[in-house]
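Visitor: Dropping the structure in here first, questions after.
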Amino acid sequence: MKFRSLLVFSMLLRVFLIVYGEWQDAHMEVRYTDVDYIVFSDAASLMASGESPYKRTTYRYSPLLALLLTPNSFFHRSWGKFLFSASDLLVGWFIHKILKQRKVPEKICTYSVMVWLFNPFTFTIGTRGNCEPIVCAMILWIILCLMQGNLLQAAFWYGLVVHFRVYPIIYALPIILVLDTQVFRSGQKPALLYWNTGQAKTPASNMERKTFLFNLLTTLKSLFSRERIMFALISGGVFLACNAVSFYFYGQEFLHEALLYHLTRTDPRHNFSIYFYHIYLHYERQFSAVEKLISFLPQFTVQFALVFCFSQDLVFCIFLQTVAFVTFNKVITAQYFVWFYCLLPLILPWSHMKLKWEGLLCIIMWIGAQTHWLLWGYMLEFKGVNVFLPLWIASLLFLAANTFVLVRIIQRHRFSPLFRRYESSSSSNNVTKED
């Protein structure tokens, strides 16, 4: 099947699900529409009437999201679902474009795109009214801009996406590290390393690790390069400008709900995180600054380790970062999984893992641990049975499954830097091109 046919079929599938969702909402007790979409729509309705979107309880997003959904009030209540689903399709198109630019064969490109377009989780999340596909599309567009050497656009969109959704701030360090003077040079498009480069290499060999250390030392020496300063100033400026405008219109409400809340969030409700049980037991008292810091420590440690090991393989690095960030987060909900689902197709062509049987084992372990947790969650939420301790144990098992799968992915990955490095300043115009 051609890529264009895949896109058309995916579009028709999503339109059908949106229409079906309207019918289910009207005729069945269990609604198809995500509860978050109702929150978004209410906030957009408030904005359309000239009021603050933060008057809607639990709206903790950028005002830009409410602005995008204002047509829900005067056009159709499903406008946002079509917008999110269009972003979902755009992610599929970006995945195909990124892989083709790296000379991945068409057949592998098609299979990789199908992992996104026909994943039941991804094609339902947009049609149910979740905004994450917009964030995924912006992140992939930033990667494309970097691959094309368009730092101005990449910096602009990076500042915007961090304002829109705070978590992409974790990608700042690997992006800064990859903006090396041996990769990005004024007036020149960076040279990409293609899929068929270094097919015989084993992932993370000793030579590559030595190269990482050398690159790290080189990076530290040339930390304040023109490209890095420009990217930091533009992305930081866009981020601050968006926040300043939002603060001007909505004041402390915006600052607390859209930014500070996500840094200090302590959710006592059950979720996949291993921290939920501790938070539930001690929710009535205030957590000290030390306790809050300790909960971030595993995240920061793993993030820095991954960045300094894999930053030159940029796409793989941010995939690992995202999985680790979600795995060790204080709050984990199912919608967070889409953050790394959009990056998974971009690393599959470089994986030595076979679907039979190792790949199936990883899939079964991950889905099995998640299903096991959901069974206990069902007993607690719908049956009212006190199963907090078994649910916490299920969270530990889910953490173990995530860690196991992550380690296997790293072990089976063929390390491939995104960009080719110039050998020396004197040979800047003599970069060898590989087919």
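Counting begins at 1 with the first residue displayed.
The backbone N, Cα and C atoms fix where each Cβ goes, glycine too.
Just so you know, TrEMBL annotations never went through curation; they're auto-generated.
Found this in TrEMBL, in case it helps:
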SIGNAL    1-21  signal peptide
TRANSMEM  78-96  transmembrane segment
TRANSMEM  108-126  transmembrane segment
TRANSMEM  138-159  transmembrane segment
TRANSMEM  166-184  transmembrane segment
TRANSMEM  229-250  transmembrane segment
TRANSMEM  304-325  transmembrane segment
TRANSMEM  331-348  transmembrane segment
TRANSMEM  360-379  transmembrane segment
TRANSMEM  391-410  transmembrane segment
Visitor: What same-chain residues lie close to the transmembrane segment (304-325): Cβ under 8 Å, and 6 or more beyond its ends?
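Guide: Those are 98, 139, 143, 146, 167, 170-171, 173-175, 177-178, 204, 209, 211-212, 215-216, 339-340, 343-344, 346-347, 350, 402, 406, 409-410, 413, 415-419, in sequence order.
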Visitor: Between the transmembrane segment (166-184) and the transmembrane segment (229-250), are there three or more CB pairs that fall under 8 A, provided the residues in each pair are separated by 6 or more in sequence?
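Guide: They are in contact.
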Visitor: For the transmembrane segment (138-159), give me same-chain residues lying six or more residues beyond its boundaries with a C-beta closer than 8 angstroms to one of its C-beta atoms, as numbers and ranges.
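Guide: Those are 91, 94-95, 97-98, 101, 168, 171-172, 175, 178-179, 184, 188-190, 192, 227, 230-239, 241-242, 314-315, 318, 342-343, 346, 418, in sequence order.
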